[in-house]
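Engineer: The structure that follows is given in the form of structure tokens.
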Amino acid sequence: MSSDIHSEKILILDFGSQYTQLIARRVREAHVYCELHPFDMDLAAIRAFAPRGIILSGGPKSVYEEGAPAVEEALFELGVPVLGICYGMQLMSRHFGGQVVPAGKREFGHADLLAVGTPGPLFDGFFVEGKSPVWMSHGDHVSLVPAGFQVVGETANAPVCAIQDLARNLYGVQFHPEVNHTPRGELLIDTFVRKICGCSGQWTPGHIIDDAVSRIRAQVGNDRVILGLSGGVDSSVAAALIHRAIGDQLTCVFVDNGLLRLSEGDQVMATFAENLGVKVIRVDAEDRFLTALAGESDPEKKRKIIGKLFVDIFEEESNKITDARWLAQGTIYPDVIESAGAKTGKAHNIKSHHNVGGLPDYMKLKLLEPLRELFKDEVRAIGEELGLPHQMVWRHPFPGPGLGVRILGEVKKEYADILRRADAIYIEELYAAGHYDKISQAFAVFLPVKSVGVMGDGRTYEYVVALRAVETKDFMTAGWYPLPYEDMARISSRIINEVKGVNRVVYDISSKPPATIEWE
């Protein structure tokens, strides 16, 4: 497969909306390639990118404020369809002579969009009996529609909520079609990229694999490649994909740091070394990691220690493979976006990432990142296509530092062993009760505090384990999962009875925000 799957592409310009990555994911779900770039992308770069269409995202600013984010005026003269969402619609309206003012009544949440006049092809199937439920999030609105544009949607509080200029192929919506709270929003984005922009939908798992295999072979040639295999989804799929491309030229290094889930090391070896025939070097480094972490309780310092030691051990092993020229990583597109944002100052680096930018300059290997264009759901889809086990591909996210950041405070072997067993019981019960696939992320946390208990006729003074389970579509916000009481009771009873050293189990009912999903 050639690079044809990239020939039809959509450009998304980001004005700072919390939902911008969701726009990209919806475009990809329509089987069309897209990239996300800052709103101030140079016009020459946009021309070179040659998009079939452009989407302007929402954003937190007001278009009439001094210094408000804007695009080069010639953007609208490129002759490709443009869809403005929320701030993007207001920006486009103002550019063509319309007016944007503060709304008398701000709209946040659900609203009914009512069809006005004759909505164009973008809205085919979007309105049912003249209306469509949508999700609003705006404090400004368009008060005067620019010449050439027609209003095709309104709500009770905003008379201009959807506009179109069919002659110039320009469209704007005040609502957010990218979020799940707009039920037919996915259809609207699909219609824009497929019907309005004319993309045929070549971005499919099979085509992505064929394209990646061709590119890996062209990039690597006959060179040797090494990859740090963690057992997580991203590195596992990267390993399977690279092995599909170059076979025995790939050697994986699996560093068992003593902070993995129960029996995870054996499972990784069984999947890759035994079933797929991948060359895997397993390094038992538990003692080195626990020694390095001794006495350290600061979460960020623990992350740095674990990350640095992993690189040190990986380098030791890679030096033994003297003819290796490439280092492969399971970097995915959100990692790339987040790291770029941190460099440009347009995003905050909340937690250090275990993967992107973590390699020292003295490692002279060239970088191979076959997943760097893909979102997590796309990675999972190609993982299944490559034949990886369903449970491995669809397992919940696991942090790079492993249990090191699920043990609060200092990491000790005793704590890790307790947490491993408690977590395994928790996950086993979630599977058995049919909850696991409904939950976005679930895990146990070890709390280094003891509480008084009673077992039999004796008093106990043992540790506390917290259970966390959340539901989320994007991991930017998350709600706690309402696990039924009878399931909580069964899980708690099993952990207390089967895991020595625990006499109390608690359930975390914090949402994100204000809490993060992980405890550290």
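Every residue, even glycine, has its Cβ placed from backbone N, Cα and C.
From Swiss-Prot, here are the annotated features:
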type: DOMAIN; residues: 9-202; note: domain 'Glutamine amidotransferase type-1'
type: ACT_SITE; residues: Cys86; note: active site, nucleophile
type: ACT_SITE; residues: His176; note: active site
type: ACT_SITE; residues: Glu178; note: active site
type: DOMAIN; residues: 203-395; note: domain 'GMPS ATP-PPase'
type: BINDING; residues: Ser230, Gly231, Gly232, Val233, Asp234, Ser235, Ser236; note: ATP binding site
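Help me picture where these features are in the structure shown.
Structural biologist: Note on the domain 'Glutamine amidotransferase type-1' (9-202): its mean pLDDT in the predicted model is 93.
Non-local neighbourhood of Cys86 (active site, nucleophile): Ser17, Ser57, Gly58, Gly59, Ser137, His138, Val173, Gln174, Phe175, His176, each in the same chain, at least six residues away, with C-beta under 8 Å from its C-beta. DSSP assigns Cys86 (active site, nucleophile) to coil, not to a helix or a strand.
Taking the Cβ of Glu178 (active site) as reference, residues of its chain lying under 8 Å away and at least six apart in sequence are, in sequence order, Tyr19, Leu22, Ile23, Arg25, Arg26, Ile85, Gly185, Ile189. Annotation note: Glu178 (active site) sits in a coil segment as assigned by DSSP.
Classification of Ser230 (ATP binding site) by DSSP places it in coil, neither helical nor stranded. A 10 Å cutoff on Cβ-Cβ distances gives Ser230 (ATP binding site) a total of 24 other Cβ atoms nearby, all chains included.
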Engineer: Can you tell which of the binding-site residues (Ser235, Ser236) has the fewest other C-beta atoms within 10 angstroms of its C-beta?
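Structural biologist: Minimum Cβ neighbour count within 10 Å, taken over the binding-site residues Ser235, Ser236, occurs at Ser235.
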Engineer: Excluding Ser230, Gly231, Gly232, Val233, Asp234, Ser235, Ser236, which residues of the same chain place their Cβ within 8 Å of the centroid of the Cβ atoms of the recorded ATP site?
Structural biologist: Leu229, Val237, Ala238, Gly330, Phe398
Engineer: Far apart in sequence but close in space: which same-chain residues, 6 or more away, have a Cβ under 8 Å from Gly232 (ATP binding site)?
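Structural biologist: Residues satisfying the criterion: Gly330, Pro397, Phe398, Gly400.
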Engineer: Over all shown protein chains, what is the count of other CB atoms within 10 A of the CB belonging to Gly231 (ATP binding site)?
Structural biologist: 21
Engineer: Please state whether DSSP places Ser235 (ATP binding site) in a helix, a strand or coil.
Structural biologist: helix
